[in-house]
Structure formats: structure tokens, C-alpha cells
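Chemist: Sharing a structure here in C-alpha cells format.
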Amino acid sequence: MAGCGSALCGCCPRCCGERESRTPEELTILGETHEEEDEILPRKDYESLDYDRCINDPYLEVLESMDNKKARRYEAVKWVMVFAIGVCTGLVGLFVDFFVRLFTQLKFQIVQNSVEECTEKGCLALSLLELLGFNLTFVFLASLLVLIQPVAAGSGIPEIKCYLNGVKVPGVVRLRTVVCKAMGVLFSVAGGLFVGKEGPMIHSGAVVGAGLPQFQSISLRKIQLNFPYFRSDRDKRDFVSAGAAAGVAAAFGAPIGGTLFSLEEGSSFWNQGLTWKVLFCSMAATFTLNFFRSGIQFGSWGSFQLPGLLNFGEFKCSESDKKCHLWTAVDLGFFILMGIVGGLLGATFNCLNKRLAKYRMRNVHPKPKLVRVLESLLVALTTTVVVFVASMVLGECRQMSSTSHSGNGTLSFQSMSEDVNSSIKTFFCPNETYNDMATLFFNPQESAILQLFHQDGTFSPVTLSLFFLLYFLLSCWTYGISVPSGLFVPSLLCGAAFGRLVANILKSYIGLDHIYSGTFALIGAAAFLGGVVRMTISLTVILIESTNEITYGLPIMITLMVAKWTGDFFNKGIYDIHVNLRGVPLLEWETEVEMDKLRASDIMEPNLTYVYPHTRIQSLVSILRTTVHHAFPVVTENRGNEREFMKGNQLISNNIKFKKSSILTRAGEQRKRSQSMKSYPSSELRNMCDDHITTEEPPEKEDLLQQMLERRYTPYPNLYPDQSPSEEWTMEERFRPLTFHGMILRSQLVTLLVRGVCYSESQSSASQPRLSHAEMLEDYPRYPDIHDLDLTLLNPRMIVDVTPYMNPSPFAVSPNTHVSQVFNLFRTMGLRHLPVVNAVGEIVGIITRHNLTHEFLQARLRQHYQTI
């Protein structure tokens, strides 16, 4: 029976056995059909996070003890944690960058010496074997790390996007994940794969943000620190937002872009205080990385010369060329066309990668894990051979000149010749010439991007075309294999080659000599990257901050918008595609307009699993062990002969008394206010209160609302609260009216059972032990599993009073609420479950994230049209 827990996207074995009897709409809801193919892709069940505060009695006790001094201390601790997250994220980036440079320089130095020797001796096959040895070893190590923690594969951005959206992906923010991610990505990049280290930095920062404020880790169980702060999904999600933003800031030197990334790409709940903390964390990460990188590479500690892992350099025309401009109004037309082409290329990239991902999910992932390692080695082998052969066969030997920039760039050949191994490559070419293809392939990707941005006349159109085609195909094949890998830098490099190709064509064949080739390379990079990831606001600011040139704001923004609109016409962004393939119930920013034809009653789940305010232990254990729901409504029944029931059973009496005390009426409220007003000194007020009391009905007589409820629901059966739901129940028994009082989480019920919070039937509920707020959250975020607990010492006939620990005032909606209102409330408030309560206080259904997914709403809309 469906309940009110987390969104369940997959199918249980029992349900899958009934697949043939399901309707097409039900199969669509379960994600078992696809537009392109009928085969079933593997899906998983994901648990939702809860951003809403549970304002129960333990929480109110904390608030009552909280004074201004404690509040300021709590806020100060939060600021310290934010700063520490930024610093640690910067140090993770420093670690990755240092060893990537070390391994890459070592590999290229040995291979370059071998190529120079073997070019004369005719033993280039030996040089290829040396390069294969380095690359295969590094990629093998990266694959082994992913076998240890599978969630460390890929860039991690889809997983963090899901987490910020309110979905808990298993293992995504564990300490083991960040260790495998950071070490794996440096081996992937050093292994010559067409991947970047900037994307995984976002995931690493998010893991730091999730784990550092907790001061505990499942991987370090022996280290237990008593740190009582930030023990909720709400605080943890805020720190993950800060960590993800810090990862962007460390990768690109863009703290503002990192803040906007967290806002644009996931976080459904946002406020001004969180914005300030996230920006502060991003600044801390940027300047921490800048401080250490500048000191290590230049020896000038405190100079802050290298703001991020990826630096685009300075775009500036030569002073000798008076006609040169970075861009003109006429160039905007070309930029728009490049945006269209970039959107088409990005859509093609995403389509091919989606088909590859589906193939891997069907044919690679179900097989032994060694197959994934072999696939990674195959990609590394193919990439290495293609790079080596393309540099040897397809590269052009071009004449070296004293200045390669021809007035357009700021980096001269003399300045770059100080480090020949990382810039100009002379592979397979005679003296005084260099190989333009090898210059792009046998350099770190960041160096290749800099050359495309700032070197003019260095690469022929044929070389750029072949480089773009090979890089496009190999990077598409690489993204998705079992190694940590980023997509930002490969997309930028591929797009930069496309932009330089456009600039060369405009110069050579159209005669536009005034254009600045570096600008077209930058716009090409933005167009292709925007067409792949479909980011707009944050990506615009990231590129502006990376170039340190505000005048590029307008062309970058226009290009990204056009690329996104063009790509969206064909498919989704690459991260959204991988999220959908995983079956994660991601909620978009808003629903479609036609969804307002549906109401909350159309999408809710009416078949509920619930608990009573006072319930026996045997009933709670049965409910927890036979369901997978993560929350339960706390309800009472509407009975026609309540007084007779109250005489015979203490458990039922406690439940009925709680219901009566919870019912709010206008007469009762006026009675309480009149009693409190009698203490006023004014004689008129006292007289008015006396008059009010004399006209009130006797307290013993039931109010009109209660009479209406009893008359309305007398025909329904009266069942004892300690009876578990049965399959033999009739429709009236299963869906009898239930007065809604609140919600209680599975974790809270398990905590109450573990700590023995209960009372006997012969005692009053006041004798039940009370737990503090800290005790309720002591096991966060890994609460015990009910199936692993030994509850033999508990008397199954004991009673648990859940009312002090439930949330008595959760967000709720009316059955007639439009779907757009339900969606906005659920997403913006970061809810996990949303009760549907009718006009007389009865719960009639529950809405979870699963009920608001695009597939579910589409299926319900089709059913709505069929009924019309």
C-alpha cells in the first residue's frame, strides 16, 4: 500500500511481477517505458530530504532555552563552519592541481624525449608504448578507486544537483567519496583522458560541506566528537550548497559564479542569509587556492596571481594595432549564429552520450565490476593511439615566428618558449618548425585552451577541424565511464577549437581582418558548453570572472541564451539526461501551464499507512517492518459512541481524549479568551466576560462540530487502534474518516523504540520517559534500521505516546488546490510529504515528490482527459 514516505521511483520485485497487468499510464509513472525504446532501464529508489523543521515538544524546549547570547553563538559557529568549508575546498583543489601538474609534466617530459630520439632512429612505436604505459596505469588506478566508491564516477554534478533539489543519493556526500573523487580525478586527467578536474571539484566541495560541520564520518567510526550543532537535513543542505559553490569558485576563480551556480542548479529553498554565507564560503575557497598556488608556482606568497584551477588569461589587443577591437556590434550577428550551431552541436553530443549511457546501463553495469575497468582501459587505449597517430600523421609542420600572435594576443612566442614542454611541440617536424596538432594534443587541456584563446595564425583550418571532430567524439565516449571525470574543460576546449575555426574562415575567406580571434574562440567555447550543459546565469558570470573582462558580458549572455534555446528544442542538458536515466525524481522550477487542470485530489495517494497518538509497540513494529514509508500521519477516528469506548479501554480513551483536546472551535477559543480577560482591571471587560460565559453552552455538552462529525460517520465501523490494517478490510473499513493531527517520521519512531519510550496501560501517559531534542537527533544522519534491532526486551503490549514528538503543524493543502500551487509549495519549502486535508480536518491523501514528477503528472493528465 502506498504511503507518505520518500518518492519511490523504482518497482519492487512483487510489483515488477505484475508488469503485464499494468496500464501504459502506470508503466510511465514507474519509468518503465521510454519514447525511443521499450526496454526497461534499471531504476533505483531514492529517499527525499526534509527541509521543513519538525516543531515538536523537544524542539520547542530548545527554543525556550535559547536566549540572544546562545543565538549569536550558534550563528557565529555557522560562520566559522562556512569559512572552514571554503578553506578545505581550496586545499582539495590545491592537492588535485599539484599532483596533476606533477604527473603530467613527468609523462610529457619522458615521452617528448623519447619522440625526439625515435624520430631519427625510427622507433616511434617505442614512444607510443611508453605513452600507453603511463596512460593505462593512471586510468587503471582511477578505475580501481571508483570500484571502491562507485558514486565517485563522473563529474558528480548530477548527484549534487539532485541533493540540492531535495533527493538523497546514497553515498554521495561520504568521506570515502571525496577521497576517491580527488585521487581518482588526478589519475584520470594525468592518464590522458579527455576529462577535466573542474567538475569533480564541485562534488568535492559539496562533500566537504556535508561532512565537516558534522564532525563525524562512517568511515572513521572510532572518532566520535560531541558536536551538537547542525543535526538536520536543513542545515546539512545549506552547507552542501556552500560547498558546491566553493567548488565552482576554486575551479574557475569565480566566487560570484559559484554562488549563482548553487542557486540556479539545485537549491529549491533560498534566503538572504544563505546567499551571504555561500558567497563568503566561495571567497574563502578562491583566495585559499590562490594564495597557495601563487606561492608554490611563483614563490611570491601573498601575491594572489592564480585565482582558480582554470585561468583564461587576459584578453587584450596589441598597442601597435589601432584597428583591433575585442568585439564590435557587427560581431554580435556572428555570435548568434555560433550560439545556434553550438546548441545543435551540444544537442548532438547529448544525444550520442545518452545512447552510450543506456548501452552501459544494459550491457556493462550488470556485468562484473572488472568489465567497467576494462571499458575504461579500452577508452584510454583508443584515446592514446588516436592522439599519437593524429599528431604524427595529421599534424602540419608550421614555421616558427618571433611573434605568433600577429597583434591579437598578449602572449608572445618568446614568453611561452620558456616552458616549451607545455606549449609549442616540435614532434615529427624538422628544425624551426612545430607540429600544430601535437601542440594541442600533447599539452594539458588548460594550456591548449590558452593557446586557442591567445595565439593567432598558429593552427590551420584543417587542423582545427580534425581536432574538433576527434575531440568531440572521444570526449563524448569518455563521459560516463567508471572514472572521476569532468565535462567543463573538454567542452570549453572543443568549443574553443570551433570558435577559432570560425575566426580563421572569416579571416581567410571573407576578409574580415579586424576580428579578434581570441574572442571568437571564447564565444565558441561558451556556445558549445552552453549547448551541452544548458546553464545560463551562473555560466555567464563564471566565464566573465574567468576572463576578467566585463565587456564580454553581453556577447557571452546572448550566445548562452541562443545555445540553450536551440538545444532545448531537441533534448535536455547533459546533467538532466543523466539524472533522468538514474530515475531520480528531480523537480523542475515550475510545472507546465496545462497541469493546472489537475487538483491535489487528482495526484494524491489516498491509500495511507498511519499511526494513532497512542499506539502499542507491536503495532508500531509491524508498521515499520512491513512498509518502507519514511513518515506516517498521526490520526484519530471519528466514532459515534466514543463515551462507551472510553469506558472500556485505556488506550482508546487516551486517543479520544487527545482528539477532543485537539479540536479547535470558535466557541472554545472565545471561552478561553473570556477567561483570560477576567483578569483585566476594567469593570466593563469583566462584565462583558461574565455575560459571555452565561450565554455559553455548558462545557459538558459537545459542540456543534463534534455532533456533525458523529452524525456523519456513524455508519462506519469502529476499530481498535492496536489493530493493524488487513487485506480483508472492506472499502469502508480501509478508507474510513480519519482526523489529522500531525506527521511523525520513521526515524523518530525507531528512536522512540530503541530508547524504550513507552508506558503501560495501567499507567498514565505522563509516566512515559521524555527525550530531549539532542537525544532525538543523536543518530543523525544514519538512524538504526528497524530490521536490525533486537526488540525482544520490549513488551509488545506497552503503549507509545507519539504526540510530543510528531510535527503537529506541517504544511497541508486542500483537495481542491491547483497542482501549480501544490508544486510551488512543495519545492520552495523543501518538503518531503504534503498532507491533503479536507474542510473538516480529515486527511484524505498524501503527496510526495513522486506525485509531482513530470512523468506522474503527465500520466494523471492523460487520465483526466480520458475521463472528460
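Glycine is treated like the rest: Cβ placed from N, Cα and C.
Taken from TrEMBL, the feature transmembrane segment applies to 79-100, 136-157, 239-262, 326-350, 370-394, 462-481, 518-544. Marked as region 'Disordered' by TrEMBL: 667-687. Per TrEMBL, the feature compositional bias 'Polar residues' maps to 676-685. Annotation source TrEMBL lists domain 'CBS' at 806-867.
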Chemist: Within the domain 'CBS' (806-867), count helix residues (DSSP H, G, I), strand residues (E, B) and coil residues, in that order.
Modeler: 28 helix, 15 strand, 19 coil
Chemist: Going along the chain, which residues at least six beyond the ends of the transmembrane segment (370-394) come within the CB cut-off of under 8 Å?
Modeler: 124, 127-128, 131-132, 135-136, 139-140, 142-144, 146-147, 191-194, 360, 364, 425, 427-428, 435, 437-438, 441-442, 463, 466-467, 470, 474, 477-478, 481-483
Chemist: Take the transmembrane segment (326-350) and find every residue of the same chain, 6 or more past its ends, with a Cβ under 8 Å from one of its Cβ atoms.
Modeler: 315, 317, 472, 476, 495, 498-499, 502, 506, 514-516, 519-520, 523-524, 526-534, 549, 551-552, 554-555, 558-567, 569-574, 577
Chemist: Given a Cβ distance threshold of under 8 angstroms, which distant residues of the chain, six or more beyond its ends, lie next to the transmembrane segment (136-157)?
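Modeler: Distal contacts: 103, 169-172, 174, 176-177, 179-181, 183-185, 187-188, 190-193, 199-200, 202-204, 206, 265, 369, 372-373, 376-377, 379-381, 384, 479-488, 575, 578.
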Chemist: Report, as numbers and ranges, every residue of the chain located at least six residues beyond the transmembrane segment (518-544) whose Cβ falls under 8 Å of a Cβ in that stretch; write 'none' if there are none.
Modeler: 248, 252, 254, 256-258, 260-261, 263-265, 312, 315, 326-327, 331, 334-335, 338-339, 341-347, 349-350, 408-409, 449, 452-454, 456, 487-488, 491-503, 506, 550, 552-553, 555-557, 559-564, 566-568, 572-576
Chemist: Using a Cβ cut-off under 8 Å, which residues of the same chain at least 6 positions beyond either end of the transmembrane segment (462-481) come close to it?
Modeler: 153-155, 193-195, 345, 349, 352-353, 356-357, 360, 372, 375-376, 379, 382-383, 386, 390, 394-396, 436-437, 440-441, 487, 490-491, 493-494, 497-498, 500-501, 504, 574, 578
Chemist: Summarise the model's confidence over the domain 'CBS' (806-867) as a mean pLDDT value.
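Modeler: Across the domain 'CBS' (806-867), the average pLDDT comes out at 88.
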